[in-house]
Structure formats: structure tokens, C-alpha cells
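Worksheet for the structure shown next.
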Amino acid sequence: GIIGKLAESLGAPEPAIRLLVSLLLNYPLAIIYRKFISKYIPNTSHIYFALAGISLYIFNYGMDVWHSVVSIGITYLFITFLRKMKHLLAINFIFHMSYLLIGYYFTESGEYDIKWTMPHCVLVLRLIGLVFDVSDGLRDKAKLSNDQKETALENVPSFLQVVAFAFFPASFLVGPQFPFRRYERFTKGEFEKYTGCLKTGLLRGALGVLYLGIRQIGVMKVPDSYFFTKDFEESTYIHKLVVLAVWGKISLYKYISCWLLAEGAAIIFGLTFVRVDENGEEDWSGCSNVKLTLFETATKLGHYVQSFNVNTNHWVASYVYKRLKFLGNRTISYAAALFFLALWHGFHTGYYMSFFLEYLIITIEKHAETMFDSLKSKYPRLLEALPTKIIIGVVRVQYTVVLMGWCLLPFTLLDYERWIHIYSLYKYFGFILLAFLFLFRFVFTTLQKMKKE
């Protein structure tokens, strides 16, 4: 077909081209919606979103759409007939995660797969969140957190609403995540009077195209396969570190470009309105999945966590991390949330190693900041001096981009044999650095205690 020939001419996999075409098709779909459909009753919008989303799904994955239809149907039965059941949340959670993991078991390969499981992992979070929100609608409002009050649903949505919410065309393929309450407010016309969505959405989409272009140029220079070449193996250690830093950024641009394209369309639909700020400017960042300024100026790994995959991280914080308060331990809750994220991605060992590294690095960075503040109070003139600030800034940027690449290697290479081989070529420096930092922290805190005594 046409898509197959286009993929062949570009040297790209056909599923990737279909995904890109779908993300771009959302722009005319959004403009048609704003011009002709948004003015009618909400049911018209629901039908439009459901038909558009299902059509795009079939364009990408054919009759595998039945996986989504089954999951949506069962979720609707849960919230309609089991809403007041004590163990509904657990039953729904186990059903959706089991379905997704069985899907991974039968479809996973050694490569990054663009199969029906990709939109399904987006759907799983959406439907788990929906049942949490319906359940929160039955709880005493005084016992709900502020976030839960904003998303709780006192009334069960109709089947048409659930289908349209699940298949919302600008978000079902790669995200972003958003609660049903936002979708409901949007379709009721609450955001209709704000008119800046077209310009804002097109600018966000243009950024997506720019990042995609940089990604494609970069991947031609430093593809994943370069790590397995003789040229790389025989290169100097400094060259290897530079490659790791550049490759890491390029790898993340793949996700960022898709998210920006999806977000741009969601903005034009009119879904993402937040507020009008003090300067009278409309804020359309309600479904932003990446904070570009923070991402591009990161000086610690924590900045990447705060700026990358924002909506998914917010979802995990709202529906996993904060719901584990009963454990009485933030560290355990954080570890459980990261394990959930790894499991949600699939069975490959690389996912678990990457999230384990995130856990270790974020933990040590928090302690490092405490130690640095302690030193700054003792040696303010030295550490506040401009030359010192410049040196520290340069070191932090180098540390951040290189260690980010280190964390990303398992996530991208997936299989243990592949990523451990590349780690060996780097002499396991990331593990050695982390061990040194933990040892330094232990010595530092021990000396602090001895001084106090």
C-alpha cells in the first residue's frame, strides 16, 4: 500500500509511519471538530471522538481493536454493576494489568514493539483511573484529597462517554493521560469561549516536528546499533561518554516529538485549557507531557523526572503512590510506584534496571543536595564565588547528560545480554559512581554525627 511504499522510501518501519500519520491526521480532525461539531450537544462530540479514534486504531492495528473494546466494555460493567463493591478497585486493577501483561507475553520481541499493546498500555491507565474516580465519587468528600475532589465522579458516565473518553483521537495512541472530569468539562463546553487553542496547538505541533527532525538526523549519526560496532568498541573512553550523552538525548527526542504532536492536536480540540493568567494569557498546558525548558536545562536527573512524561508520572502519583499512604513509608511507596511503572512497560529486564537506577539516583541526589547545603552554610564565600559556581554548573551538566544516557541504555536495549555488554564496555562506571556517592554520603553523615556528639 501507499504507507508501505512511504515507509520503504524513508527506511522506517511501517508501524512507525502509520503512527506518525495518525498523529498528524489529528490536526485536521481537531479543526473539523472546532469548526463544525463542538457547538452541538455533547453526544455529537462523543460519537465523533469514538468514530475518529476507532478509525485511527484500525488504521494502525487492524482488528486488534477488539482488545480495547473488550476492556472498555468490562470496565463499564464494573462501574455500572459493581460500583459499591468493596473490592472493585482491586478487581479492576488486576483485570487490566493482567490483560496487558498477557498481551506483552504473546507479543514482545527483543525490539521496541509498535503493536496493539502500545495504545493498550495508555488505555489501561485511563480505565484504572476512571474506576478510581467513580469509586471516589461514593466516598465522604471530607476524606478526599484536593486532587481526588477534582477528579471524583458522583455519577457514572454513559457507555458512549466511556468509549469516546477511551478513544479520544489525540491521546489514545501515545497519551497524554487526563481524568474523565477534564473530558466531561470539555464536552460540556466549559472551555469553548477561549479561542487561543489553534495558535497554541499549531506552535506545539511545530515543536514536535522540529524535535522529530533533530531525532531523525541524530539517529542517522548515532543509531542504537552503533554500540555494537567494532568502531565503537575500539574508540576512546571519552568518545564513548560523548556518544552516550548525545545518544541519550536523541533517544528521548523520539518520545518528546510524539508527545508534542499529540499535545498540539489535543490543544486544538480544546481539551487542555487550564486558566487565564494574571497577564490575560490563556494557559493551554493541561495535558502537557513534557516541560521543555526544564528538560533542556537539566542539571540533575531529578529534573528529567520532573520534566519528562509528566502526565504519566502525575497519574502514577495520584493513583498509585498517594494511595499507598497506608504503608506509612514514602520510600516503600516510591519504590512500589516505580516497580508498577516498570511492570506497566513490560517484562524486559531493561525496564526494571532503568527504574531501579532512577530510584537510586533520585535518592542519592536528595541526600547530595542536603550535604551541599550543609557545606554552603560553612563555606559560603568559596561556594558562592562565580568561578566555583561555573565549575559546579559545568560538572553538573556533564554528570546529568552522561548519567541520563547510562540509565536509558537498559530501557532502550531491553534484553539483559545486550545492555550488560554495553555496560561492560563502559567499565560499569555508572554503578561505580553510585557506589562512591553512597559511600561518600555514609562517611559524611557519620562525621556529622561524630561532631554533634
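Here, residue 1 is simply the first one shown, and the rest follow in order.
Cβ coordinates are placed from backbone N, Cα and C, and glycine is handled just like the others.
Just so you know, TrEMBL annotations never went through curation; they're auto-generated.
Quick look at what TrEMBL annotates:
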TRANSMEM  16-33  transmembrane segment
TRANSMEM  40-59  transmembrane segment
TRANSMEM  65-82  transmembrane segment
TRANSMEM  89-107  transmembrane segment
TRANSMEM  159-180  transmembrane segment
TRANSMEM  201-218  transmembrane segment
TRANSMEM  252-274  transmembrane segment
TRANSMEM  327-345  transmembrane segment
TRANSMEM  425-444  transmembrane segment
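Beyond the transmembrane segment (201-218), the same-chain residues lying 6 or more positions past its ends with a Cβ under 8 Å from any Cβ of the stretch are 20, 23, 27, 30, 246-247, 249-250, 253-254, 256-261, 263-268, 284, 292.
Counting Cβ pairs under 8 Å to the transmembrane segment (65-82), the top-ranked stretch among 40-59, 327-345, 425-444 is 40-59. By the Cβ criterion (under 8 Å, sequence separation of 6 or more), the transmembrane segment (16-33) is in contact with the transmembrane segment (252-274), since 3+ such pairs are found. Within its own chain, the transmembrane segment (159-180) has Cβ neighbours under 8 Å at 19, 22-23, 26, 29-30, 43, 45-47, 49-50, 52-54, 56-57, 60, 68, 72, 75-76, 79, 118-119, 122-123, 125-127, 129-130, 133, 150-151, 153, 187, 258-259, 262-263, 265-266, 269, 271-272, 286-289, 311-312, 314-315, counting only residues six or more beyond its boundaries.
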